[in-house]
Amino acid sequence: MSEAEARPTNFIRQIIDEDLASGKHTTICTRFPPEPNGYLHIGHAKSICLNFGIAQDYHGQCNLRFDDTNPVKEDLEFVESIKNDVQWLGFHWSGDVRYSSDYFDQLYNYAVELINKGLAYVDELSPEQIREYRGTLTAPGKNSPFRDRSVEENLALFEKMRAGGFEEGKACLRAKIDMASPFIVMRDPVLYRIKFAEHHQTGNKWCIYPMYDFTHCISDALEGITHSLCTLEFQDNRRLYDWVLDNITIPVHPRQYEFSRLNLEYTVMSKRKLNLLVTDKHVEGWDDPRMPTISGLRRRGYTAASIREFCKRIGVTKQDNTVEMAALEACIREDLNENAPRAMAVIDPVKLVIENYPQGHSEMVSMPNHPNKPEMGNRDVPFSGEIWIDRADFREEANKQYKRLVLGKEVRLRNAYVIKAERVEKDDAGEITTIYCTYDAETLSKDPADGRKVKGVIHWVSAAHALPVEIRLYDRLFSVPNPGAAEDFLTTINKDSLVIKQGYAEPGLKNAEAGKAWQFEREGYFCLDSRHANGDKLVFNRTVGLRDTWAKIGE
């Protein structure tokens, strides 16, 4: 397969192919421009894969530029987390990290140019009045009484804004376009506003800050971006993007193209809502494994490769749609099924005693680290006469469909012996505390000599060698597919989104690395929690189950 055939195809790549074929561009330059006011989420991953992927495939460049024009909401913590997320996903930006604040001097000069052309003015309406004057989708706006100030007056007032001569909210710079435009974004949008706040890059040099729509297009042009890729909600903003560049003296005029944003079931993507989940302590933090943030997915055990594959599968279109959670889970399940070594852990343990096993004896049984990959080798796991099994793997009575341990019947212990349940011991509440069994000593990893069939296989952990572990069973954070549509999305939080169990694992997991994935046999895929990797007790997070459970949930 050729390189071109192996590439994904979509309408944006078709545009790029045409631009290269026509000679409009000889090299491709894209950018990823996050605002450093929160952690990146799975929706940003789609944009990262698109922009950096295009740069890779077309041997161009992709800039990482922080849209840092609102110092009140931004923080260096978010800057660092975003850089880490981009690199963890497997991408590298071209040259140094860029900031919109790098261009504050040029942006100011371009604003002065618009004033000199009679295309911008200082407005002293209050923010509430500006909203009122802007009109609605069905009613045109009306001109500000300050709209027709002279160029000289506007220059003086804009300089006064810069010098700190106005209080916040008392003045702003607006573009002079058309208050009757059918597009509200073109009704004299604000270009600069006053904020007396220290900026994480420029300190206290500025007290006026440019708005996104003014900053974005000029930053693209200054960096020589050829294709400025945004999500669909910025479609109308393209008119302002072009208006600004058409009316200033700048040699490069990038083009903006819009694609559909990623919507995922059973979660929210709004930074405001995600922030509320964190500040109100509905979750542990931005990296809570139930969060759709890249750091949350990473802590849960998602791999960068699985997220890239997910973004590849959902594709790039102009149609908004909501992706089922099963699609994301399928990507990580396939990845881990292929690559995760196997281990045994008992999540809901009950003691099982093999009464005819030599007392005080133990032995090592060999187990493959991966059933389909002999190159991953084997491991030795201790076995003894007292083991832990999962409570769900035993019943006193059961029908023929139940292929686990039943009183009076046999089952195989994974890679060990065939055992038969003889009797049980219960506490005062009727709860089984111990299962007593016998074993067939001639069945270590082989069938019974007399030819009898033993159909079920269950996993186990030797009690004498067991490693106590905390197991966190994560589920969807919300109980409805579209929590954002609820009047109060917090009322739809799934109270069972985290269930904590105290279990036992085979001793080899004592040296598990944080973030490394394991398949706990018959249970699912788990990883050691990075926040608790050095604690007294090992904490494992369930990344995903062995099978797709979403089809049942949706029925």
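Backbone N, Cα and C atoms are what each Cβ position is placed from, and that goes for glycine too.
Under the DSSP three-state reduction, Thr231 (ATP binding site) is assigned to strand. Close to Thr231 (ATP binding site) in the fold, though at least 6 residues off in sequence, lie Ser47, Glu258, Phe259, Ser260, Arg261, each with a CB less than 8 Å from its CB. Annotated ATP binding site per Swiss-Prot: 35-37, 41-47, Thr231, 261-262, 269-271, in sequence order, evidence recorded as sequence analysis.
Summarising the environment of Asp67 (L-glutamine binding site), the number of other Cβ atoms within 10 Å of its Cβ, over all protein chains shown, is 19. Under the heading L-glutamine binding site, Swiss-Prot lists Asp67, Tyr212.
Beyond the motif ''HIGH' region' (34-44), the same-chain residues lying 6 or more positions past its ends with a Cβ under 8 Å from any Cβ of the stretch are 66-70, 73-76, 78-79, 81-82, 85-86, 200, 261-264, 269, 271, 274-275, 286-287, 291-297, 307, 310, 328. The feature motif ''HIGH' region' is assigned by Swiss-Prot to 34-44.
Beyond the ends of the motif ''KMSKS' region' (268-272), by six or more residues, the same chain brings 37-38, 41-43, 261-262, 292, 478, 483-484, 489 to within a C-beta distance below 8 angstroms of the stretch. Annotated motif ''KMSKS' region' per Swiss-Prot: 268-272, in sequence order, evidence recorded as sequence analysis.
In this view, the densest Cβ surroundings among the binding-site residues Asn37, Ser270 belong to Asn37, judged by other Cβ atoms lying within 10 Å. On its own chain, Ile42 (ATP binding site) has Leu262, Leu264, Met269, Pro292, Thr293, Ile294, Leu297, Ile307, Phe310, Leu328 as residues at least 6 apart in sequence with a Cβ closer than 8 Å to its own Cβ. The DSSP secondary structure for Leu262 (ATP binding site) is strand.
Shown for the motif ''KMSKS' region' (268-272): DSSP residue counts in helix, strand and coil, namely 2 helix, 0 strand, 3 coil. Of all the Cβ atoms in the protein chains shown, 17 others lie within 10 Å of the Cβ of Glu35 (ATP binding site).
Taken residue by residue with DSSP, Tyr212 (L-glutamine binding site) is part of a helix.
With respect to their backbone Cα atoms, Asp67 (L-glutamine binding site) and Glu35 (ATP binding site) stand 5 Å from each other.
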